[in-house]
Amino acid sequence: MWLLRCVLLCVSLSLAVSGQHKPEAPDYSSVLHCGPWSFQFAVNLNQEATSPPVLIAWDNQGLLHELQNDSDCGTWIRKGPGSSVVLEATYSSCYVTEWDSHYIMPVGVEGAGAAEHKVVTERKLLKCPMDLLARDAPDTDWCDSIPARDRLPCAPSPISRGDCEGLGCCYSSEEVNSCYYGNTVTLHCTREGHFSIAVSRNVTSPPLLLDSVRLALRNDSACNPVMATQAFVLFQFPFTSCGTTRQITGDRAVYENELVATRDVKNGSRGSVTRDSIFRLHVSCSYSVSSNSLPINVQVFTLPPPFPETQPGPLTLELQIAKDKNYGSYYGVGDYPVVKLLRDPIYVEVSILHRTDPYLGLLLQQCWATPSTDPLSQPQWPILVKGCPYIGDNYQTQLIPVQKALDLPFPSHHQRFSIFTFSFVNPTVEKQALRGPVHLHCSVSVCQPAETPSCVVTCPDLSRRRNFDNSSQNTTASVSSKGPMILLQATKDPPEKLRVPVDSKVLWVAGLSGTLILGALLVSYLAVKKQKSCPDQMCQ
């Protein structure tokens, strides 16, 4: 970093000092373009110049180099229009350094000085922001799959491969129009303040109806496509028209618009169908208000992809009991039966296993407990009814939200709740608790997509939303705990435990005995006190 500062300081200092002893040489005009991956720097000779300029650059050690085509160092020199020279240097070039969120490259123009000695006649520090949004080069499938007759020019020829791909377009040196749009959506935000949006019909499946693609906020003739082929449609319009919105935040101005398309509807004698999803394309260009430069951000927002195709297959479910409220670990098969005290909390989790579809949602329909492994056996006690806590229990079930975590990438595949342990009562003997195991069971189903209104419901008297919509569910399945729970009475009864009735005669005898004992203790205490307070001769 110190060396870089020294190099920059030396370059700046040489500019100031050499200004006094600068040899007579033609002035040059130059233009810098910050591309997605490289500098594009064009130097133009004025009319007095007799020879093309020679470009030079300083490396990180401060050494001077004449620039030439060097793929190892990421520099290319080509002749531009007229007598101009164009330099293209990648941001990973040997002569480029990262500095204060920018890529910088000190360059110069070399000319003839006194006695025909070569001297640096012009110096410039190329500087491009690092956060300039880079467009990905189109995939080869997006380019090769377009027939030559359907290709829509992206930029006029001649143009280099780097410049073309820097625009997010396809390149073919064998074609007359060497730079053309790929099978996708390509957005350009121009320095002059225009949108340029190219849409391929194959950006969706089935393909788009191109003649139905239009701007959502304005549909007059001035906002119609400027060019169309069988495979593409191209919109170009200024930021001040076609319903474009502008929002200024600090130093940034954001211009936004939206494209929509009509669905392809097939009409039959008994109804109409469509196989198209909704097409809505949101585009955005951001500019710096205080700088007359290229856009600082270009974004295309498409709707989420359609849900993946489903196939029939087994759905594996699991009901587990966690060892604590954090759900950090669970009881395994070898840990059962789980021994708990009455009124202890039990933390339950029901999960979908071996699925990676983020759109799946797990629904708990009914959950209940039985004294045997048979979920249909009697007696039964309801825990959840239609996914909500059973309101007839004075210790109501608590629904626990599931948060996304590193070990839980699909929270919609899990449902959690806690219950307070209880014991079944013998129906033949009044208020006699049945001793033995308690098994948990749940009936569950799956809905899609998860966390949408069709998959949630608000439980009565609860603010928490629960999954519930029979129209979006598959067949209900059942799952049970891996083993039973053995419930024990606590060694110390809680305050609300029922009192045992006691005979009044027993209470009377106990009270009289307590009174006599207290009286004897009082007499003994007074005697001892009197003995300590009197002199020995008087107490004898």
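Here the Cβ of each residue, glycine as well, is placed from N, Cα and C on the backbone.
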Recorded disulfide counterpart of CYS367 (Swiss-Prot; options CYS388, CYS442): CYS442
Distance, ASN69 (N-linked glycosylation site) to ASN267 (N-linked glycosylation site) (CA atoms, angstrom): 61
Secondary-structure category, per DSSP, in which ASN69 (N-linked glycosylation site) falls: coil
Stretch-averaged pLDDT - the domain 'ZP' (188-466): 79
Distance, ASN69 (N-linked glycosylation site) to ASN202 (N-linked glycosylation site) (CA atoms, angstrom): 38
Neighbour tally for CYS442 (disulfide bond), based on other Cβ positions within 10 Å of its Cβ: 23
Pairwise Cα distance for ASN69 (N-linked glycosylation site)/CYS442 (disulfide bond) [Å, integer]: 71
